[in-house]
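Features reported for this protein in TrEMBL:
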| type | residues | note |
| --- | --- | --- |
| REGION | 1-26 | region 'Disordered' |
| COMPBIAS | 16-26 | compositional bias 'Basic and acidic residues' |
| DOMAIN | 41-136 | domain 'S1 motif' |
| DOMAIN | 152-217 | domain 'S1 motif' |
| DOMAIN | 240-305 | domain 'S1 motif' |
| DOMAIN | 415-484 | domain 'S1 motif' |
| DOMAIN | 504-573 | domain 'S1 motif' |
| DOMAIN | 689-758 | domain 'S1 motif' |
| DOMAIN | 933-1004 | domain 'S1 motif' |
| DOMAIN | 1048-1116 | domain 'S1 motif' |
| REGION | 1158-1177 | region 'Disordered' |
| REGION | 1182-1201 | region 'Disordered' |
| REGION | 1225-1252 | region 'Disordered' |
| COMPBIAS | 1239-1252 | compositional bias 'Basic and acidic residues' |
| REPEAT | 1396-1429 | repeat 'TPR' |
Amino acid sequence: MASTEEDFPRGGKTKQTTESKAEPVRRHTEVDNLFESLKVGTLLLGCVKEVADLEVTINLPSGLLGYLNISNISDSYTKILSDHLDSASSEVTHFMPLKEIFSLASLFSPGMLVRCVVARLDTAKGGSVSIQLSINPKEVNKGLSTGSLKAGLILSGCVESIEDHGYLVDLGIKGTKAFLPKQAAKDKTNKLKVGQYVTSLLEEVKNDERVVRLSISPTAVAQAVADTAHGWTLTSLLPGLLVKAQIKKVTLHGLILEFLSSFTGLVDFMHLEPEQASTFNEGDNVKACVLYVEPSTRLVGLSLRSHLLQPGGDVDLVATERIGEVAHGCKMTALHHLSGAMLELPDQTVVFVHRNHMKEPMEAFNLNRVMAKPEHTCRIMDFSPMEQVHLVSLRTFQPWNSAFLVACVLTQFVLPLSQGTVTSLQNHGMMVKVTDYIRGLVPRTHLSDIILKNPEKQYAVGMIIKCRVLSVDPRAKKLTLTRKRALIDSSLPPFLTYEDARRGHVSHGFIVCVKDFGCIVCFYGKVKGLVPPNELSTEPVIVPENVFYVGQVVKAKVLNCDVKKEKLLLSFKAVAGGDTEGPPKPKFDFEVGKKVEVKVVSKFLTGLEVSILPEETTALLPMMHLSDHVSNCLLLWEGLQEGDIISNIVLPLSLNPACLKTLTKKPTLKSFLEEGGVVAKEFSDISVGVQLIGWVNNIMPYGVFVEFPYGLVGLAPKAAMSDKFVGDTAAHFQLGHTVVAKVTNLDEEKHRFLVSLKVSEVPSPERDGQARLIRGLQERKAVMEMMASRGDSDLLKQLSAVTIGQRMKMSVDEVREDGSVTFKSDELSAATVLVEAGSTHTATVHHADRDFAVISLGDTAQLTVIQTTNHLNETFRFDAEKLTAGKTLTITVTKSSCEELEGLPLVSWELAPPISKRLISNSKRSKGMYRYGDVVKGKVKTVKPTCVLVTLEDGSTGCVHVSEIQEVVCVGTFPTSLLKIGSEVTARVIGGREGNSHRFLPFSHPNFTYSMPELSLLPSSLAMLWLHLLTRGVGCQSLSGVHKLEKGHVIMGLVQKLDPNLGLLVKLPFSAMGTVAMEDLADKYKPKPLERYSKDQLVRCCIVGEAKSNWQLSLRSSRTNPEKASVVKDPEIVSLDDLSEGQIVRGYVRTVNGTAENVSKKKTKKGKGEDSDSGVEVYFREEEEENKCEPAEVEKPVPVQPARLQVTGGFSWDAALSALKPASAALGGEDSSDGEDGEAQKKSHHVQEIEKREAEKALTKLETELMDPGLRPQTAASFERLLLGSPDSSLLWLQFMAFHLQATQIEQARAVAERALKTISFREEQEKLNVWVALLNLENLYGTEESLQKVFERAVQYCEPMPVYQQLADIYAKCQKTKEAEGLYKTMVKRFRQEKAVWLSYGTFLLQQGQSDAASALLQRAIKSLPNKDNVDLIAKFAQLEFRYGDVERGKAMLDRILTSYPKRTDLWSVFIDLMVKHGSQKEVRAVFDRVIHLSVAVKRIKFFFKRYLEYEKKSGTPESIQAVKDKALEYVESKGTEAAR
């Protein structure tokens, strides 16, 4: 409660002077919060709101809700309940009759005013506080004593017992008995029961306050007013008392009153009468009711509301019709900063909004924002009976209270599927959170189609599931759900009420009871019916319990339904196909092919329920049977309404009398039956090769089932469905699709046949496609007319008047940012362009949907409509064959003006031949087509060691090579491990490649390839501008593989390397490389030509040829910019024809030797023979004026021998002959005979031989290592190679992880572990467990506690939980993490309490830690948890642990006790002997041996122990002890012989 402030001074019994009383008033400030905090012990006046079985919901002041538990009513009522429970549990008849125990509903009624006290404040999971109340007179009247009882007091109590002349009432005052005569309670004589709450007037006090007489007369109670003579104190003041008070002060938020001469109380603004709120003045006398009393803060709340000024009366509860109502235009009439505000609705109703509901849940309260709005929109949330005012909320989404919850459940969640989150698993079922404020229960029998023994294995807390609502109980606030797949996926109409269960209808239900008289089947809500024994099955069922079980989902048919009596008679046999003895049904002559008229009765998702006229016979018209065109079926279903009459219906196609008659409106099927087509009525009428028309009845992975008239069904296997390869049967046909089938195979024995749907084997009749086109367009026109006639929208009427091909005058309305334009039409004027019949044209597709397409003829604006398929069975096309906007067709005009097409031409069409040139729009590219330099975004799809696959925004897949991820890669690291699956990346397109797909077979898709863009994530690549320029000057280049580099193309490239001999090495688009020779760098040779270029420089080059795998390029301006005239000083020499005798040419010196100079000129495309001797003799001369520009300067003319120009085939001359390849040694060998060249050449051969031998040695060493299975790999590549051969070997994976850990590469080790978990087969459970354990060790050593916990949770999900728990506990124990290990063991013994190994492991841990007492206590817990048969072995194991880790004496005692109780357990004797030999003395060991050799067990077992005894003595004893053992053995044998003789 709020603390008192200036306007709410504290009251008390002690009188004060005027000055002393006025001082606190000036010192405190005003507050207006009603209940800031409640405290235990606060007395309140409440109003009963709802009564449940075990608790009562009570409305408290200020809109609070409290809950009264059944145990907090009175001591007498609680005692009756406990006695009843004790008698029921002990199965002994109690002396008290059962009729004297009354329910809470008979004791309390909504609207009753009660005095209550706050007994407890509970905190819920969400942080909200639950107020627990008590009306026990002992708690409520705690402040009263026998001395304070005086006549005229108004007291509350509970009926304790019923006597002959009245009632004993419990007032909670020790030493006082209260009696209520029946005459004083004559108005309620028949209503008072034990435990009932009564508000009474104390009339008389007798025998020194030991006996008092009460009266509950409404008139007397209502007129009683508290007086100062009664001696009230603050501790004895009770809520509900009427007092006479005087107004002490009027504040903005209420009144301050003075009553009973010394008490001060407050009246808040909600407890003033609305019409009198402004009429109060200081000094006025009023009559008030005590609302609450807080003794600790001395705060008293009062109310002036008239409905509370009648103690003992009831308060009217306003009906909840308005709860949930949204009101607009509400005005705020008063604002109270700390509590809320008063609003006035448009209908003058005054409502209250709490401060917390004036803002959104997660926002801070902003008063200025609330005050700034002149009007508000609010939703009525609840009604507070104590204040008689509605409570509203200004939130856009507000929490639902009980009444609002029920309203939403009834309107939104009954029957529709909804998704929920599992919140808890309990013995009786599973709790599911449907919304934030709605939770439902899935009973245990409804968790699955079968009864689950271990639901926790299938469901986990937090799992999102799909469920269906079974029933809603608004009064009990119960929502029941089901997870039965048969009910969730049921397409049959459900039975929500008995009115829905009409005779002949079939629906899914579930069995709730199985008895000898039949099965009781329950549907949704409270609808249930009986299936008698004779309707359970087509065969006799003697014992129904052996055939059916509770919770089983069944399909039942209604035989009879009495709505008034709510009785339902059902049948299983009728659904199964048997005859039912139900009421006679109207007979009708069902003839296949007969046309009838039907009336639409109702619509459901998959079709229409119709009645055949005029007999009103119920039938079914599936949605897919409304048309031959799939797209038209949905339109017709949308257009048809209940009550519509449909003609030209053919019936029936299913002759099973137990099922609904199935009708069809497929025009193709109707015309086939009318024209007398081949129709097989029986299996004997079918022959191989016959063609039938039917429809797809079922789609399976291995083919489709086709149904024909008269109920015959054939199978079209996967291979016979289409001429094309069929990968997914569901992608080719839909249920109900009309097809033409050819019978290919018959099975006479099983009455089965196969059909083919291939277009090549089932020819279509001539003009069949055009006829279907006309019928399809007529259906669409009919739908438009139906919708236009029914809808009030002018748009539908206007659209129905527009036809394809109609010319309209348009005006531009809006030009949008994306480039699209909207038009408006001012007038409609029809015009038709006539086209000659039989003429052939090219047409362009403008629009295409599933069944129809709009095309334009040639370059004219004439439009017409075609079908997207030419055959009924032609349902699948490749992407290249699909009709899309812009595709070109070849059409033949059949009819220039067709009336059925509104005057449009009727045409036949075929695909135009493909055009080799591919045009790509700059503004909109198709899927997977990117330009070089494009920046794209995507999500990582797959991470591989050498590459990463990325799913781009348009759905295509790109590839990032490992070298394009990280600029600097450390040795031993994997750049691909930096990327996680699902993470978003930004990349730049740097190339493209084509890949072969294995999605289709080679014979069905020859040369099928797909395009994959190459991407880069390097920061340098993303920041470089040249990638944007790669496509400049070249047009649009696609990555699809159609466009490629060709001779003569001018492209942009990137310099990769500068070679003084070769020239430039340039990177080109499409991941190609090219070289620019020195003489092709410019049209004018310059010295040091490479100085102008640098690495990563963008250059413009022209492709001049191709040599081996590289392109030959040229940077000459005459090549790259031919349109720009430039001076060519050094012309390009392409062939010998470009040279003439005496011509002066310039070149670059490549090689200099003692006899000649080799001058490089342009390379030619001559053969090898021509390259060795071109026949061109070149003489050198010095030109002084060109010395500066000559690459090779000559000081003076030197006469040299004529040297031939070497036109090489692509290799480089090098000054260092040691770098020459062996193949280049032959060139120029004859011309150069210098000795130094020969020595260098020989040295080169020698070096090559040495390198060759070293390479062979290295190869031999590598092979030897690979052949040695025991040699551990030393590199990551070696591990990868071994893993390719043994991917399921956990040992290899663990060694790979250890290899990374040795190099402190933690992330790489984690990545290897994740790869191992994905790679190892799911059947290798132990191998996967080994990897999980290694990963746990890794996280324990190098990770955090959070990462270890995450790995542990994943391991528990993917492996058997108990081994994972055990391994983690061992890890903790080895690392001395005692606290964590002990916590984990405690969890294990709770979760796996039936596993003996868990208890033993925990005991071992405790004993290793020296906790012997804890181990003993654990043993006692284990004995209680495990079955009795395991107790002996368990104790023996614990004893062995005591010997090993704990107290040896305790272990001896434990084993000794076991062997005393079970002396014939020779296995335990053997264990005991082993332990004593190891830990005991010789005397103790001999004592054990002496005990065991005298056991009454089999002779062979005694022989075993004698043998062990003798071996022990030989090892540790003396000759005397050895002889003693032999004597004992002889004595035993003699005794056995004597027994045998007897």
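Using the three backbone atoms N, Cα and C, a Cβ is placed for every residue, glycine included.
Because TrEMBL annotations are produced automatically, they should be read as predictions rather than curated entries.
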Secondary structure content of the domain 'S1 motif' (504-573), with strand meaning DSSP E or B:
7 helix, 34 strand, 29 coil
For the repeat 'TPR' (1396-1429), give me same-chain residues lying six or more residues beyond its boundaries with a C-beta closer than 8 angstroms to one of its C-beta atoms, as numbers and ranges.
1362, 1365-1366, 1369, 1373, 1378, 1381-1382, 1385, 1388-1389, 1435, 1437-1438, 1441-1442, 1444-1447, 1450
Which residue counts does DSSP yield for the domain 'S1 motif' (152-217) in the helix, strand and coil classes, in that order?
3 helix, 34 strand, 29 coil
Let me check one thing: do the domain 'S1 motif' (240-305) and the domain 'S1 motif' (41-136) come into contact, meaning three or more Cβ pairs under 8 Å with sequence separation of at least 6?
yes
When secondary structure is assigned with DSSP, how many helix, strand and coil residues does the domain 'S1 motif' (415-484) contain?
6 helix, 38 strand, 26 coil
Just give the helix, strand and coil counts over the domain 'S1 motif' (933-1004), going by DSSP.
7 helix, 33 strand, 32 coil
Using DSSP, how many residues in the domain 'S1 motif' (689-758) fall into helix, strand and coil?
9 helix, 35 strand, 26 coil
Where does the mean pLDDT land for the domain 'S1 motif' (240-305)?
85
